[in-house]
Structure formats: structure tokens, C-alpha cells
Amino acid sequence: MRTDYCGQLNLTHEGQKVTLCGWVNRRRDLGGLIFIDMRDREGIVQVFFDPDQQAAFSQAAELRNEFCIQITGTVRARPDSQINKDMATGEIEVFAESLNIINRSEPLPLDSNQTNSEEQRLKYRYIDLRRPEMANRLKTRAKITSFVRRFMDNQGFLDIETPMLTKATPEGARDYLVPSRVHKGKFYALPQSPQLFKQLLMMSGFDRYYQIVKCFRDEDLRADRQPEFTQIDVETSFMTAEQVREMMEKMIRELWFEIDGVDLGHFPVMTFAEVMRRFGSDKPDLRNPLELVDVADLVKDVEFSVFAEPANDSKGRVAVIRVPGGAELSRKQIDEYGKFVGIYGAKGLAWIKVNARAAGLEGVQSPIAKFLNAEVIEGLLSRTDAQDGDILFFGAGSVKVVTDALGALRLKLGRDLNLTKLDSWRPLWVIDFPMFEDDGEGGLTAMHHPFTSPCNMSAAELAQDPVSAIANAYDMVINGYEVGGGSVRIHRNEMQQAVFRILGINEQEQQEKFGFLLDALKFGTPPHAGLAFGLDRLVMLLTGTDNIRDVIAFPKTTAAACLMTEAPSYANPASLEELSISVVAKKESE
């Protein structure tokens, strides 16, 4: 039906007859002449209708926005005075000779001036996706997946599909369950990840596996989360953690250069302990220059109990953030930051303004200065490298509260004061995570997942001291987003059972949930490691949006609903009866 795409025409096509298919983006009547901007997935071109072409001209008078049309005409150069440098096709136009109105459009339910709510855009997603901004994001997504497949194929990886209907296993979030009609009362689970299947593929000898795969998690949603999302899933045999990181870093560096034209350089590697201490986050945004600085040793003997008590407590922390130029903040602004850290459990936000660094105690302004002597002030100013015009913000309390509160404050200050370099890329690897963390009920839970191997520990040593275990795990972080994470896996039966026991999974439950895995580990399992990238997050970063729904063709809302199809919906009674399911309505009090 067509010879060319609208957005691909240029001066090299001058004089050629072309047939185009697409939509009316805009129509203009100018002094008896009709111009339209015609749009397809590749872009927009101007089409000119001359009254001398009577049939086409009379039809063009009927055109309205979003009519689906086909035109045949000749490409010609625009006069110099009419060249539009803001359009990729701005040097040419198409002189229309025939017009076919394929389909008419009713007035759009979306406003072309972009004043639509997100709910409207999701309800009429098929119209919203016609916008070049949205279409370009999905085209970039396609380029990214195409690049990943080429890279992985060239590295000798095999693209192998794993099941969508599988067994529920504890991976940190709720499962989406699918009832079985054949096996009454039993349910499949949609996979939260292909984790166990890709490990089984390594046990099967496939050595290098990858898959671009849908995953499902029934969890509370945020701007960067969806109930169904896409992973670039990778697993290898006989490779160390360092080798996996090296290969995956190479892929991401080449991807960024391909899509954005940027060389990310080599990624720094930091431990979990270091990033939590310096940045208050396990996914730090390194574009932000602010850091947390520990000062407990400097204030442990002061007569200010807010500092002295946590400074002398092994579970306490006193830390400070130096904000360049922050002395200009008003008391009202400082009070607002105090309320902000309260969200994270902080009981207040002490501060010191540095007016004259060389004057020491006499050169600072602070409600707490009266509790601190000249030696302490000098120590604080020296350790933080404070300069005239800076402000110091303090956190004091438990390690968790101080780390969380100052970590969040660091990000907020970076945005509010334009300290974060938004036009740059700052990737890193985070390694050496704790293997377990407190579950809040006196037990332990796996920080990553229960199939992660510890670093340099036997099963007996792990069982004896699980709290000190370091996981052989690694996360890739770019600009404050965790874009990928992985680990070296457990490949010995006794180690896997030891981990299960630490997590409170008894022998019977181990067999019920993971019997197939424990059996497989008995038959010559190779050492293996892997990683998974969040494709949606990668696309989000590379297209410059902060909302993951912008890079998914048909996303769900934060309530996990599809406004377009009205999913989820009620099942008809006959289907429920066939599945032996009865729906029990919740009482209002519940």
C-alpha cells in the first residue's frame, strides 16, 4: 500500500513519486491551498494539495485530525523561505496527486495540547501511543532488545524459554495464582523470575543461557514498578562473579554507546557497607556530590546527650552532611527538612551554618553551638572540609534511622539545590551484601534470594554464624536505579539445605517446595552464576522518563488495573464452578 515512510523522506527523494500511508496530524487551509502534516511511525512530512488537482483537493477539504489516509504524490524541495529546520523532513514536501481516505476518526477523547490526565491516557492508550514522544520510547525499547539479543548471541548464549505456569516458591513478593481445572483445588503460580529454571538449565549442561522474559509480582506498586515486567535474564556455568560482572558491564557500556552515544567508562565497584556508610543507600546516585560523614568519635564526650548517647552506643550512629552554599537556607527551609527526616524516624535535624571558617567556634551559627567547644567544632569543620557559606546537617540515633534519614535527605538536597548533575551518567557495582537480614520477627530472611551462595564459607560455618555471612552477590546501579542484580548460586545440596534451615524452612517444607531442586543438586551440579536486568528500567533511563509506564505499551495503574480493557474483571459463575472456586465477599470491617 505504500512505497516509503513519511519520516524517512528527504532531498534524496526529490522528484520521486511516492505513496504514503498514515494519519493526519494537522490540517491547515492557507489562501485556497490545503496543507497537512502526515504522520506515521517514522515521523511527519508536509503534504500540499493544489486546487488544480481537483479530485484530491476536494477530498482533502474533508480531512480532519487522525483520519487514516493514503496519498500518492511527488517529493519536491521546499522554497528556502519555507524550510522548517525543526522537522527531520523540513526541507521537502509532497505534492499530492491522489488521496484515499482509508478511515475517518471521531473527535478524539484526548486533548492534543497534552492536558490529559494519566487515567485518560491509559484508558485510550492506543491513541496516546500515536504521539511521537510515546512512539519513540517504544521504538527505543525495540532497539534495546534487538541489541541485547545480538550481543548475547555473539557471546555464545542460548535463548531458551522457561515455563509461565509453574509452582509457587518464596521469592519475596506475593504470587499471581492460576487455578487448575484438571487438578481440582490446585494452583499454578506465574513466575516472579525464571530463577530456578535457569539454574536447572545450568545443571543440564547448557552453560550459557539468556531470555528476555515476562515476570509477575503481586506487590504494592510505585512509579518504577509494574505487576508484570520484563527481565533480561542471564545465567552462566564455570564463570566467577568477576567474569560475569565484566561481561555484563561490557554489554551495558556498548548498549549505552549504541543508544545514547555515551561511553560510560569502567564501573567503580563499592561494597554494600561502603555505600550505606557514605551515601545512606544501597543504590546510590553518584551524580549527587553530597556524602554522609561519621563523626561519633568527635562528639562522644560532649554534654549534648542527643549526640553523646548514640555516639557511645555500638548500635548508634552520628553522621553529618556538608551542603556547599547551604548557609543561605532560611530557618523555614531548615525546619521543612527537619520534618522531612522525621518521615524516616529522625527526631530532629541539628545544623551548623559556617559563616567564617577561619574563626572556628566564633564563625559558626547554630542552636547547638553552646553545647560544643572550640575543639569539637574545629574537628567537625576539618573532617567535613567545611567552607564559608556551607551548612552541616546532623543525624543522631540508631544506625538504621540515621542512615535512612540522611540518605533520603542527601537525595532531596541534591534535587532542591541543583547539586545533582542530571545530564550525566554515573554507574557502579555494589557487592558484598549481607547474606541475611532481620525479618522483624526474631528470624532471618535472605537479602537477595535463598539460592545465593555465601562468600568463602562452608555450610557448617554458615550454620554457626549466619549473621556475619556475606553474599556473593552484586547489583548494577545507574543514577540511583538498581538496573540489574545477580549472584553466584549455591551448587551443593548441603549448603542449600543449610540456608533453608537458617530461613526457618524445615525438612518437610524443603521437600514440598524445593524437592526437585535439592534432588538436582545431587547430580554433578556445576558452579554457576547469573544476573537479571530490568528491561523496563533500562528503557526508562535511556528515554529520559521517570515513569516506567511510559516505556510499556499497555501498562497497569498503581492499583494493578488496566483502564483500557478494565482488567481485572469478574469471572462468570460457570467458569468458577468448573474450577471449583467460590468467591467469598469480604465483610465491610475487613
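Glycine residues also receive a Cβ, built from the backbone N, Cα and C atoms like all the rest.
What Swiss-Prot lists as L-aspartate binding site is Glu171, Arg217, His448, Arg489. If you look up Swiss-Prot, you'll see 195-198 marked as region 'Aspartate', on the strength of sequence analysis. According to Swiss-Prot, the ATP binding site annotation covers Arg217, Asp218, Glu219, Gln226, Glu482, Gly534, Leu535, Asp536, Arg537.
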Ask   = Any idea what the Cα distance is from His448 (L-aspartate binding site) over to Arg537 (ATP binding site), rounded to a whole Å?
value = 19
Remark   = Glu482 (ATP binding site) to Arg217 (L-aspartate binding site), Cα to Cα, whole Å, comes out at 17
Query = Under DSSP, the region 'Aspartate' (195-198) has how many residues in helix, strand and coil?
reply = 4 helix, 0 strand, 0 coil
Note = Residues near Leu535 (ATP binding site) by Cβ (under 8 Å) yet at least 6 apart in sequence within the same chain, in sequence order, are Arg141, Ile144, Thr145, Ile212, Phe229, Thr230, Gln231, Ile232
Query = What is the biggest Cα to Cα gap, in Å, among Arg217, Asp218, Glu219, Gln226, Glu482, Gly534, Leu535, Asp536, Arg537, the residues listed as binding ATP?
reply = 20
Message = Let me check the 10 A CB neighbour count of Arg217 (L-aspartate binding site). How many other CB atoms are there?
response = 20
Assigned element (helix, strand, coil) containing Arg537 (ATP binding site), judged by DSSP = helix
Request  = Calculate the per-residue pLDDT averaged over the region 'Aspartate' (195-198) and state the result as an integer.
outcome  = 97
